[in-house]
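> According to TrEMBL:
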- CYS32: active site, for GATase activity (ACT_SITE)
- ASP128: L-glutamine binding site (BINDING)
- LEU287, ILE319, SER394, GLY395: ATP binding site (BINDING)
- 32-222: domain 'Glutamine amidotransferase type-2' (DOMAIN)
- GLU396: site 'Important for beta-aspartyl-AMP intermediate formation' (SITE)
Amino acid sequence: MEQRTRSKTPERGQFCRASSSCSLSAVQERMCGIWALFGSDECLSVQCTSAMKIGHRGPDAFRFENVNGYTNCCFGFHRLAIVDQLYGMQPLRVKKFPYLWLVYNGEIYNHQTLKKQFGYTDYQTKVDGEILLHLYDNFGIQKMASLLDGVFAFILLDTANRKVFLGRDTYGVRPMFKLLTDNGFLAVCSEAKGLTDITHSMSSPATITPFLPGHFEVFDLKPSGKVESVEMARFHSCTQEPNHSAYDLVKDLKPGFDQESVKSNIRSLFENAVRKRLMAHRRIGCLLSGGLDSSLVAATLVKLAKEDKLKYPIQTFAIGAEDSPDILAARKVALHIGSEHHEVNFTPEEGLRAVDEVIFHLETYDITTIRASVGMYLVAKYIREKTDSVVIFSGEGSDELTQGYIYFHKAPTPKAAAEDSVRLLKELYLFDVLRADRTTAAHGLELRVPFLDHRFTAYYLSLPEEMRQPKDGVEKYLLRDAFKGLNLIPDEILWRRKEAFSDGMTSIKKSWYNSLQDQMESEVNDYQLEKAAKTFPHLPPRTKEAYYYRQVFEKKYPGRAEWLSHYWMPRWINATDPSARTLSIYKPDKDQ
């Protein structure tokens, strides 16, 4: 294994460069997987084996528990230990509410604030999720969900009122899937793979579907343990000011839409978004590509960590070939902010070997999601095996929110651009958020995404449409301008143009995109591609790369093509491939 280490003074960062192929070391993390069945007709011990398919989300502890009085209802929970304590095991139950059962995956950032605000002095645990039980008992499911500032997917059972509730955060940062049959059998899991082998008698096949972000669903629980869906409602939309804003640390924003007030508000809300996500028992790190988004996150994170006097330096992680634009840019940022920086060597050969495994974890055959996931999967593998960082910050969500994709330059009107920004945010759970969760959860890491903070996104989307557009040929102009002159990150990074992942991560000699195209020429022949519409009638692949991904997906998840409703594609340009390098308006830093 190639490994090079270069040390700098602690104030200016430490550097480590290594291959992403490395040996496993013992670490303790914080992440989980949830699973539940209601009204199963089959042997629960057999069904339970399906719950083990998501064991990677929490390999340190597992609990399988039947519901009192409902022998065919049960919960499964996978957990990573926090230090050596297991007080956070689930289902979460407390003496005050013996009729409530809760399993959830996520973090509630404002749980202490809500606890004080509503005078909940009789807490039984140290777990942030206990706030759900108190809020539900006090206000009911609608207000409970709307008051939560965080990322979450939950299953809440109320045996006293015979109700089951499902809920998921605004952007679906935490995953959840459900299977509901026509005779009332319900199965729920953090990942779809935990439901594929569920057996149940049914008159018609049941589909596995992702639970809609920003919604809750209410089921009546029958004496048989089976359920009936009685309500599906939205509790928050990305364009709405969240109800929990009333209890936020940033109380008063500057009024109006003059440029300086807006920029000040953006800075305040973004810093607050990072600050609230510092809630962690384990070491914090940050992915750093050297682009605008991850650099702003990393710089703000290091700044706040120093203010909070964290006992360890923030680790930052970049992946790429030694001469790749991302590696060089990330190195400059790390030196500037003083992080302990790690560089993970990437080769196209290693990336190609990882593709099949990545598709298994992603549960999709979307082209750009798979392309972009390979590097993230390999850097997460390195973090898991070579460091003690567990809570990982990242820049996901910024491109959708701030109109960062290059195709936004082709938007016909500011209104069209603004509408597409909202569309992308609402579909994040199918693409970028799915990628970010699965590539990190596969290695037991917990991802945090401050650009998707409820209040930050609601404010940004409330700004005039013209203000949010690319300006002077520069995407994300408003975001860049908000941090101009602060020396938070180097100016050359602040104004660095967006790179396609295929260009930024790989060598200037040959991009990841081109390496993939060359490989697929030998994997898929012209005849196969010509017959693609017959072979794969649902979303037929139009390129050899897409065909190969579909083949792999069908082997791992046969008959599940409907899991993907549409491919991610840029708008307004009649694209057949999602790569930015196929766009005439794309100009990489260097020719490849």
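First residue shown is number 1, and so on along the chain.
Glycine residues also receive a Cβ, built from the backbone N, Cα and C atoms like all the rest.
Note: TrEMBL annotation is automatic and uncurated.
In terms of burial and nearby residues, how do these features look in this structure?
Other Cβ atoms within 10 Å of the Cβ of CYS32 (active site, for GATase activity) number 26 in total over all chains.
Within its own chain, ASP128 (L-glutamine binding site) has GLU107, ILE108, HIS111, GLY150, MET279 as residues 6 or more apart in sequence whose C-beta sits under 8 angstroms from its own.
In three-state terms derived from DSSP, LEU287 (ATP binding site) belongs to an extended strand segment.
Look at GLU396 (site 'Important for beta-aspartyl-AMP intermediate formation'): DSSP puts it in coil. Counting every protein chain shown, 26 other Cβ atoms lie within 10 Å of the Cβ of GLU396 (site 'Important for beta-aspartyl-AMP intermediate formation').
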> Same chain, not part of LEU287, ILE319, SER394, GLY395: whose C-beta falls within 8 angstroms of the C-beta centre of the ATP site? Give them in sequence order.
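Nearby residues not in the site list: CYS286, LEU288, SER289, SER294, PHE317, MET376, VAL379, ILE392, PHE393, GLU396.
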> Let me know how many other Cβ atoms fall within 10 Å of the Cβ of SER394 (ATP binding site).
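Excluding its own Cβ, SER394 (ATP binding site) sees 26 Cβ atoms within 10 Å.
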> What is the average pLDDT across the domain 'Glutamine amidotransferase type-2' (32-222)?
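Here the predicted model's pLDDT, averaged over the domain 'Glutamine amidotransferase type-2' (32-222), is 91.
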> Between ILE319 (ATP binding site) and GLU396 (site 'Important for beta-aspartyl-AMP intermediate formation'), how many Å separate their Cα atoms?
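Cα of ILE319 (ATP binding site) to Cα of GLU396 (site 'Important for beta-aspartyl-AMP intermediate formation') measures 16 Å after rounding.
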> Can you tell me the CA-to-CA distance separating SER394 (ATP binding site) and CYS32 (active site, for GATase activity), as a whole number of Å?
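Here the two Cα atoms lie 19 Å apart.
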> Checking the spread of the ATP site as listed (LEU287, ILE319, SER394, GLY395): what is the longest Cα-Cα distance, in whole Å?
15
